[in-house]
Amino acid sequence: MTSEDVINEFRDANALREGHFVLSSGLHSPLFLQKNLVFMNADRCERLCKALAEKIVAQAGQVDVAISPAVGGIIPGYETARHLKVPSMYVERVEGEFKLRRGFHIEPGAKVVMVEDIVTTGLSSRECIAAIQALGGKVVAAACIVDRSGGKADVGVPLISLASLEVPAYPADALPPELAAIPVQDPGSRRLSQKA
Ligand SMILES: O=P(O)(O)OC[C@H]1O[C@H](OP(=O)(O)OP(=O)(O)O)[C@H](O)[C@@H]1O
Ligand SMILES: O=C(O)c1cc(=O)[nH]c(=O)[nH]1
Ligand SMILES: [Mg+2]
């Protein structure tokens, strides 16, 4: 599956949103990939995650478990794990920090692939990987459906992306005037407790 095929899945799901968005990292962007509109369709989700699982096996070999950061990573993490034929778990934010809850347990030394939906700066991936490593998991690779950094994000382990593209993103104090003129939306979950 090419990057263009992946972006076409987002386009067909009406998930390529234009406007003014504040991202998880705090950067601002004129484009948001509303991945939930993609993953809500089981056939579309299966096509993408099956292809991602094949890429993971080809580049990182077999793993023991897939672990994702909530919320966005849960569905693609589960579906990718299904094709890898391994269990799927997720970490979730508790007062801002990723924690493994809900009875999930990492076997010491387990080979883990960290599965994200979207990578922009890699911050959430690094936070998720650090949480897994602190619990004794060996993160052999990270994987994502779309890498918006065009390969520039460094998550500290090899990053396997199904699609790579470069999307502009700006610090809050360096917005282009045409972006500053549009009301801002904050669609993610990182700052959720602070949102109305
Ligand atoms: O590479 P980064 O700069 O960290 O950005 C990507 C992250 O942003 C989104 O999560 P978000 O925190 O917005 O919440 P969500 O998972 O609930 O969508 C997305 O799911 C990734 O986890
Ligand atoms: O960086 C993000 O927070 C982000 C970007 C994007 O396009 N989609 C998304 O869900 N999160
Ligand atoms: Mg996320």
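Think of each number as a place in line: the chain as shown, counted from 1.
Using the three backbone atoms N, Cα and C, a Cβ is placed for every residue, glycine included.
The 5-phospho-alpha-D-ribose 1-diphosphate site recorded in TrEMBL comprises Glu116, Asp117, Ile118, Val119, Thr120, Thr121, Gly122, Leu123, Ser124 together with one of Arg93, Arg101, Arg102, namely Arg93. Comparing Arg148 (orotate binding site) with Asp117 (5-phospho-alpha-D-ribose 1-diphosphate binding site), their Cα atoms are 11 Å apart once rounded.
In the three-state DSSP reading, Arg93 (5-phospho-alpha-D-ribose 1-diphosphate binding site) counts as strand. Between the farthest pair of Cα atoms in the 5-phospho-alpha-D-ribose 1-diphosphate binding residues (Arg93, Glu116, Asp117, Ile118, Val119, Thr120, Thr121, Gly122, Leu123, Ser124), the distance is 18 Å.
Neighbour counts of Cβ atoms within 10 Å were taken for the binding-site residues Arg93, Arg148; the minimum is at Arg93.
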